[in-house]
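Enquirer: Dropping the structure in here first, questions after.
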Amino acid sequence: MTPDAALAIGSNMNLFWLLMAAAGGVFGTMIGANYAFSFTGVTILLGFGVAAATGSTTVLDYVSFGPAFGPHIAFAGGVAAAAYAAKKGYLKSGGKDINSPLAGLGKPDVLLIGALFGVGGYLFQKLVALVPWFGTHTDSVAFTVVCSGILVRVVFGKTGVFHSITKPEGTTRWLDWQETPGQLLTVSAFAGLFASGIATMLVGYIAPNSANGGVIIANAQAIPFGISALCIFFVAGGLKFPVTHHMTISAGLAAVLFFNATGSGMLAVLVGTCFGVLAGFAGEYFARWTYAHGDTHIDPPAGVIWLMNTLAVSAAALVA
């Protein structure tokens, strides 16, 4: 017996999970979107261990990337609620403040917005996953986070979704400690190399000696992503920690795919590093295009992750 038995909706949805997505959206709102995403990282590390030991990806599927802390649910719910709270005059720090725990506002309507976008995120991601070719060749969670952020801007914001790309200055910037070309190149290159090394070592050494090797190979890129996500705890706390999850997930995935396709670890980490650098610069570009002059949060890393996923899968298929 399982708690979600006999509650299927269509081919890939479940009423139990849909209900729980409302709770995930509210919880992400209560603790703040960035803190919710940090817990995604915590649960990825736990979930990978469970998957490697048992072969079950339930913790990853339900907790890390599903109704509990899935970014398209908990993070997206918190983003939407912050924008709504700012529009209503509850959140004086503005609609881009995704660090503040919104339970402290004492406004139930803010929490209900989180529930609404949590449910919406669950439904939209499942629909994206059904799209022929695209649904299986992209990161549907990241794509949903971006689309949810755009909807939030349209509904609760006063600025346009896209705007002219200008030089960062004052408040029109994303990460001032990570935006210059030299710094960004260094951070993204070594974050990509870091992620590629972890992912390929898991695939090359752990998977062949595990009874659940397929699960390890399929999720190896999640470990460096989870480590990067943990860093957001410190960003939310006001420290200038590196924001690298778009780099590490892109690099880790590319490295795994090219390692499997070619058998060369060195080629895999070099390709992965290149993907990490590309993701780093693309993230800054996306921030200047959608985030810098906006009054709500459209997530730059998510805006890059889904595209880099599609590029990595497509490129590896050509090599194979």
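Cβ atoms here come from the backbone N, Cα and C positions, even for glycine.
Annotations for this protein, taken from TrEMBL, read as follows:
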| type | residues | note |
| --- | --- | --- |
| DOMAIN | 13-157 | domain 'DUF7973' |
| TRANSMEM | 15-37 | transmembrane segment |
| TRANSMEM | 44-63 | transmembrane segment |
| TRANSMEM | 110-135 | transmembrane segment |
| TRANSMEM | 141-163 | transmembrane segment |
| TRANSMEM | 184-207 | transmembrane segment |
| TRANSMEM | 213-239 | transmembrane segment |
| DOMAIN | 217-314 | domain 'DUF7973' |
| TRANSMEM | 251-282 | transmembrane segment |
| TRANSMEM | 302-319 | transmembrane segment |
Enquirer: Let me spell it out: take the transmembrane segment (251-282), skip the flanking residues so only those 6+ beyond its ends count, and list any with a Cβ under 8 Å from a Cβ in it.
Expert: 184-185, 187-189, 191-193, 195-200, 203-204, 217, 220-225, 244, 304-305, 307-309, 311-313, 315-316, 319-320
Enquirer: Out of 15-37, 44-63, 213-239, what stretch is closest in contact terms to the transmembrane segment (110-135), meaning most Cβ pairs under 8 angstroms?
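Expert: So the stretch in question is 15-37.
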Enquirer: May I ask for the residues of the chain that lie six or more residues beyond the transmembrane segment (44-63) and have a Cβ under 8 Å from a Cβ within it?
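Expert: Sequence-remote neighbours of the transmembrane segment (44-63) are 17, 69, 206, 210-212, 215-216, 219, 222-223, 225-227, 229-230.
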Enquirer: Please give the average pLDDT for the domain 'DUF7973' (13-157) in this predicted model.
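Expert: So the average pLDDT across the domain 'DUF7973' (13-157) works out to 98.
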Enquirer: Please list, for the domain 'DUF7973' (13-157), how many residues fall into helix, strand and coil according to DSSP.
Expert: 109 helix, 2 strand, 34 coil
